[in-house]
Protein chains: 6
Amino acid sequence: MTRSDGRALDEHRPVEVIPGFHRNAEGSVLYRAGRTVVLCTASVDRTVPPWMAGKGRGWLTAEYQMHPRSGPERREARDGRGKAPSGRTQEIQRLIGRALRAALDLKRLGEMTIALDCDVLEADGGTRTASITGSFIALAMALSRLQVTRAIPEPVLRDQVAAISVGHLAEGLALDLVYTEDSTARVDLNLVATPRGAIVEVQATAEDEAIPRSELDQMVDLGFVGVRALARLQREVLGRIGVDLAALFQAGRWVEP
Amino acid sequence: MTRSDGRALDEHRPVEVIPGFHRNAEGSVLYRAGRTVVLCTASVDRTVPPWMAGKGRGWLTAEYQMHPRSGPERREARDGRGKAPSGRTQEIQRLIGRALRAALDLKRLGEMTIALDCDVLEADGGTRTASITGSFIALAMALSRLQVTRAIPEPVLRDQVAAISVGHLAEGLALDLVYTEDSTARVDLNLVATPRGAIVEVQATAEDEAIPRSELDQMVDLGFVGVRALARLQREVLGRIGVDLAALFQAGRWVEP
Amino acid sequence: MTRSDGRALDEHRPVEVIPGFHRNAEGSVLYRAGRTVVLCTASVDRTVPPWMAGKGRGWLTAEYQMHPRSGPERREARDGRGKAPSGRTQEIQRLIGRALRAALDLKRLGEMTIALDCDVLEADGGTRTASITGSFIALAMALSRLQVTRAIPEPVLRDQVAAISVGHLAEGLALDLVYTEDSTARVDLNLVATPRGAIVEVQATAEDEAIPRSELDQMVDLGFVGVRALARLQREVLGRIGVDLAALFQAGRWVEP
Amino acid sequence: MTRSDGRALDEHRPVEVIPGFHRNAEGSVLYRAGRTVVLCTASVDRTVPPWMAGKGRGWLTAEYQMHPRSGPERREARDGRGKAPSGRTQEIQRLIGRALRAALDLKRLGEMTIALDCDVLEADGGTRTASITGSFIALAMALSRLQVTRAIPEPVLRDQVAAISVGHLAEGLALDLVYTEDSTARVDLNLVATPRGAIVEVQATAEDEAIPRSELDQMVDLGFVGVRALARLQREVLGRIGVDLAALFQAGRWVEP
Amino acid sequence: MTRSDGRALDEHRPVEVIPGFHRNAEGSVLYRAGRTVVLCTASVDRTVPPWMAGKGRGWLTAEYQMHPRSGPERREARDGRGKAPSGRTQEIQRLIGRALRAALDLKRLGEMTIALDCDVLEADGGTRTASITGSFIALAMALSRLQVTRAIPEPVLRDQVAAISVGHLAEGLALDLVYTEDSTARVDLNLVATPRGAIVEVQATAEDEAIPRSELDQMVDLGFVGVRALARLQREVLGRIGVDLAALFQAGRWVEP
Amino acid sequence: MTRSDGRALDEHRPVEVIPGFHRNAEGSVLYRAGRTVVLCTASVDRTVPPWMAGKGRGWLTAEYQMHPRSGPERREARDGRGKAPSGRTQEIQRLIGRALRAALDLKRLGEMTIALDCDVLEADGGTRTASITGSFIALAMALSRLQVTRAIPEPVLRDQVAAISVGHLAEGLALDLVYTEDSTARVDLNLVATPRGAIVEVQATAEDEAIPRSELDQMVDLGFVGVRALARLQREVLGRIGVDLAALFQAGRWVEP
């Protein structure tokens, strides 16, 4: 049984990544998963927020922004312009920040802030997971540059992180939902995890009725299938532009995939 | 091995519930779990938001507000006063709304809005789960009044919902963390579920390093222990004030606990 | 001639005070006058606002907030959330602050801020006077704690302060109006005063037509009847929890009532 | 004993009024009392706010705004620009609105809004009372025009209203304080009243210690001296431009002064 | 061929200037051009914005504000009150600031800010050009006072600046449009210039269709006619109050007109 | 004499245009001029703003937004997020809107809004002129689609519009300034014009001292050189994707270039 776009239930959308798309940021990718497109940039600033100053630790923060015409139907007002960003936007950018901070040893980064901007240019479901998966590549590019220029004394990465959605459709459990699937799914799960099978964050929401415990287990299993595939893709992209992911890992943390 | 407040790892805090504490709201409880105190009120309004009008469906919304002196140490500025509520507040009130909407069949409610206000008077961890567990009682009180006055033609409840936190402490997995435990936990999980073992929402976050898959499973198991205990407590409180929970359930949905 | 709730014209509503209701604040009461309920908390902070720093003086500030369901009819939007508090709210909290500052010798307090939060949980008229009368008790509790812990070197109280409303009803001048009385009164007067007969603040407004001078005089007289009764009640509450009001007064200021 | 500007204690500042200063508004004055200057304009709009529509009644509203350089010392940020007006500004404009509404029979005005804008160009104390006294003249000009053009079927004025401040200085009770006097006064009273001796609003605040009841009485007496003098001046200005105040009064309300 | 108000096409409106209208500001004029009235004040502050501190340079900034009843028809909400000023207001005040900064050698002013407030009391077209022309006089008054009190060590003026509008009407190119002309003009040009024929800023906008190059040239020529006339008027006003414009100019910059 | 990037003074930067870059918008280009990159999207909505409804006319509006890392040095806060967009941003987007409205006959468009979003991804000077030049292509793509689908009954374009900057550098007058040139230029002119030599808008600002009239004339001449070159490029891009610009013009308006 296949889906509207012909994919198998456990298949993620075709992903195209253009690293270095944004020339000013220390790391950047244009991340395209089907008809979802996110520009992820990683910017390095040699200061930390006032509440962190003097502790010798680094910080990583994220901002998520929808383009007004990200949807296929019609232009929306630009979220957060002239007023506070919506609750949804704030929830998503807090998630992105937590996800990527889990990949880093902030205590070793030094007093430095890495800001990840996730600009959703086109949206067809899965924008938060695309933002996380793409941001990891931008982050690795920025870290590589920091190591090359000796702006940081030692590697600070401790995990590779990717994210994917899983939903319960009429056809069964499915990976990486597009918008029309997402809006009819009975359950919506987002998994942020490492390719070695550890969980950074999992959020599962029954859209209508509560779901049996067993279903949660199956959805997490399926999510790991996607995370491993996307993590492989992250390594390929980084390899293509000469970034050796293993070299960015703290001593003893890298495990050959 | 016991915790700072003498509880066993799988023991929730002592809960005291004062139903009808707020005399104007259609349903209300003052919910005390240890040193966390939340005033939950359910207010019924015979209209729906403009974007829902004319569809014959009801709506349920939630607002979460910290009292400026909810913390033991010092007064904070009142969140959201004169500016947008913080991202944390918005995230929590969105969660409360989803959790309680899952308990209701909104299609049968009629064009009516139920607003749940969760005012955290004192905070010692677990304010979002206390808000959900307390709000369910306030909601049931309001529904009971709507049925008694025949303002709704038929029962609209389809599940009983409660929530609890689980954390990974040095001592092991623990239920219902207080603030000092929460701030040192390696993982933080919030489970919103039914006493029959179905999941409404689960959010698990690795505070520092990613966690093994098996740990997630154990934390969900422990969460269900807490949810069942709190659900029993909800039924006792409702019974004491003469609300028959079974009578609020849609036909065929009630299962004797 | 009696009123809708059976009171005599010069009788204030039955008052119930629960001191220590809020366990984190240095002083607190749940103040119930009929169907008006205000949670008053006094929080002590060992700093002063920037514009006062270095002068050796203390400060006292107040915040007033209506619960969204404070009214019996329907829920209102939470005032001041995501936008500036209403003019009415700002006017009231400025009044509360002035009233309580009059009770203190701020020059002797030292560089310290006492913040009074008045959360109106239920509203049936007289919320600003209930806030002032209740806040005085919370303030005295906080001062007592500061003296006991020697956080302040000497007593700083110079007056006992309470407040009450007076209105001109069809039945004649009446004390402590409930909402329905207030909305039909021809004149509305709020008196903040000491039990010894001195005025801290008086505000009288002709709701429709201007009023004769003589009527103002009678209303102030009636207000003092209420203030003296409420001041007696404040002392009883404080006595019950072991706070000796006389010991909080500056030398030479206390007069046995 | 005289004051810094040579006035007797019961003497108000010299007042200069330029009626018609603003040519677009239906009524306007430039009101100068010593070094306090307020531009008062009355604008008529043939609609009422939505919450009043369809009731056949009129409305009157007021806005108060300080010029950034109203003070002699230095420019301040323009209050309320890009953010909510300060609590002080809102409190004052609410007072001005109540004061002028007391002068009118809004039920007879018809569905029409009169907006009074009080722009304080220079400030040397007494800006709220100058705003009220000046606005009454602008209001009378606008009403006269409405009667002449038969835009209202009958006179709607029921009282003449003026306002003045009284303070307790070291020299004794004094009328119409300038800024330096106001900032050292022990009590500050603002009286809005009619020349016939009726009170529209009185606000008295003890700036430091509570004041004896008898003092309030004397301050109100002194305030009436000022109000009668300013009311005479209002009539003179209106007479000079050909506005017959008596003709603006409802039948039976005018009393020859 | 004459215009609705009888003026020739190359004639500006009659201008009346009252210098010193605002007594607190270091320089001020009430500037009336026909039915457009702007109160321009120049306030001197002995500090600079934080981002300029320590550079030894001065700053000049401008604020533009419409009175709510500036228009003849009806009162508008006060622009920028409780929210950000409109785009039009910000655009205009940025223009005024640039125009007047061009007249000054900020490097020689010392660490000092001159703030120009342009309050449009009545508006009938040409408010931005009236603001600039009037502000120059207020600025010269303030500079004169600074020189007289030796608050600045040397003259800092390097140009005289005035502004005027030009439009393309059905009758031909016309100077200094009133509102009704402005709203039907095919092109709208604002020229800020010196009487010696140098351009500070020119903005020309085709309201409907693009305009031929030659027309731009003619409009600039006509604008200079107006700027020279207004500059003469500025000198006359300053001369009347004893300000010698030549003495405010930097050495070698003044050219006898 | 050449410039830092090797260009001749009258040479614009190399431009690369990717039409259709954004797949959801009715028209879009990624417009790269040197190191300035703008994503221009044209979105069609079949409604007009409320104040235009029922007049049978169309509307065109523009929004301009800087990416937080548009600059090479460091990330800035995202302009306008949670607060009003800066004055600069509002000024620019108002200019873009006026420029593109000049290209259209809005009376013939029907009740429809075209929104142009100009997202500056990388900024190296000339972002407003790049936004206008790129937006014209996006607009033409959208109009072509509207004509093809017969959503508009007749062509509505009346002019081709492009924009370029001109500055006065030490080396002489120069076209299309990069950021470092722009910040040292003595004059800054932006020309919006048609390839046939008509002016839509011209803004010239003397950054320091006023400039002679003759210089304005030369700068406009030079600007037209750039506008003609960019207009040729616009036609080439549109031709490449099969959009016949001539067919979008109203009858009698197209002139073979």
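Cβ atoms are placed via backbone N, Cα and C, with glycine included.
Taken from TrEMBL, the feature domain 'Exoribonuclease phosphorolytic' covers E:11-142, E:159-224. What TrEMBL lists as region 'Disordered' is E:62-89. According to TrEMBL, the compositional bias 'Basic and acidic residues' annotation covers E:70-82. Taken from TrEMBL, the feature phosphate binding site covers E:R88, E:G126, E:T127, E:R128.
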In all the protein chains shown, the tally of other Cβ atoms within 10 Å of the Cβ of E:T127 (phosphate binding site) is 22
Through the lens of DSSP with three states only, how would you label E:G126 (phosphate binding site)? coil
Can you tell me the mean pLDDT for the domain 'Exoribonuclease phosphorolytic' (E:159-224)? 94
List the other residues in this chain whose Cβ sits within 8 Å of the Cβ centroid of the phosphate site residues E:R88, E:G126, E:T127, E:R128, in sequence order. E:Y64, E:I92, E:V120, E:A123, E:G125, E:T129, E:A130, E:S131
Measuring Cα to Cα across E:R88, E:G126, E:T127, E:R128, which the record gives as the phosphate binders, how far apart are the two most distant ones in Å? 13
Taking the Cβ of E:G126 (phosphate binding site) as reference, which residues of that chain separated by at least 6 in sequence fall under 8 Å from it? E:R13, E:A33, E:T36, E:I164, E:S165, E:D176, E:L177, E:V178, E:D182
Secondary structure of the region 'Disordered' (E:62-89) by DSSP, residue by residue, totals 3 helix, 6 strand, 19 coil
Which residue counts does DSSP yield for the domain 'Exoribonuclease phosphorolytic' (E:159-224) in the helix, strand and coil classes, in that order? 16 helix, 30 strand, 20 coil
Would you find the one among the binding-site residues E:R88, E:R128 whose Cβ has the most company, meaning other Cβ atoms within 10 Å? E:R128
